């Protein structure tokens, strides 16, 4: 008996379903292979770029003349442009393979946006643009979300605005309002006075490799907005754009993020825990009383030499080993304060070494371990944290970022300073009119007392963006004037506060601001005791 038409149709339908499933599986495998190839290529490119850019960073600090410093800066900017393109390709590959993921943890949006503003402002100024920010986060002091991805979204949008705007203004707005279900509606808006775009382009603006008519002039791969769209959708939000040609553009992101409980800072990593430390959890760094010891674990001779060169002028004792096995042996012999750990190494890699360190028991198990890796995906960072690493640096690593990371975990990298540096005061005495130094010191000390009071008051409001901005301004100004008048200890403390507030190491800021006014008094007493101030 021949099967009827219905049976034949069912058989054909099953065959087509099987073919479709097979095609979907092959497509997914192809996407995963593509993503792995991109990640491997990016890793191999990042390592030599790390050496090149880091050495350029060291070279830029070596007393070059203005013209040569300009050449170095141009080379650095070109290298970072290549890094940005690599990151965009990695994001695209992970999105296509379905491996994009979020690292959700409590974070402080005020600190996040404050850090973004600090980094963006000089970029806009370098192009002659005004940059304005309006950050109104209200009660949203702590939120649950992926701070790294959120930062990436804002940087892509603002970076695009700066790139396409030749004159005028770039503005960043962020506002958070509570919703009835206990979450916060976060709205981020970036606007500019650039060329804008027409309605025909608006419908495809967030697609891969789409470029506007100005792209040939400013360059780019057409991936920035596509990545923004993918990340916003991954977070369950929306992104939209509006523009009138010739008058600029406006991009708006809307996200719903849950409220988070405030995290208490930790002085050291707990021993033998299966939970990675939250990314936003920072240590309380005690004031430095001895020369700290750092262990550098890096198999590449070039990268080792670069890291040692970047740390050469820091008041640290730095030892270097070539793999994780050597690191474990050295940690059992010497009490290190921090480990800088490469991830991909022969004999024993950084992940395995960190797991072994955490299993050793105190005090060795409590040493902060900072990952240094050319792998830039969120999944790579998650693997590092799951292994027990406390923080994460992506190669290429700039010296400023490395020192900020060390400051975050170790405190200010400054040797104890005397109250005043008499060589500076004596030089001032020779340069000014007779009797003028006492008057100038009086003005300086009064200004320093006022600045110290304003800093200490602002420390009590670190959840407010304006307080963070005020501390940065006051500490920078105090550092400069204290250096001018030879108030060495005060200048060092102000520099430490400035460095910590820029790194958003808020607990270090609190710690260093404590007793700031007493350093002003110490300087005044030292001036009086030596007859410089009456």
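Here the Cβ of each residue, glycine as well, is placed from N, Cα and C on the backbone.
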TODO: Check each of the ranges 6-33, 34-61 against TrEMBL and return the one annotated as coiled coil.
DONE: 6-33
Open item on the list: Roughly how many Å lie between the Cα atoms of residue 342 (4-aspartylphosphate) and residue 476 (phosphohistidine), rounded to a whole value?
Closed with: 34
- [ ] Using all protein chains shown, find which of the modified residues 342, 476 scores highest when you count other CB atoms within 10 A of its CB.
- [x] 342
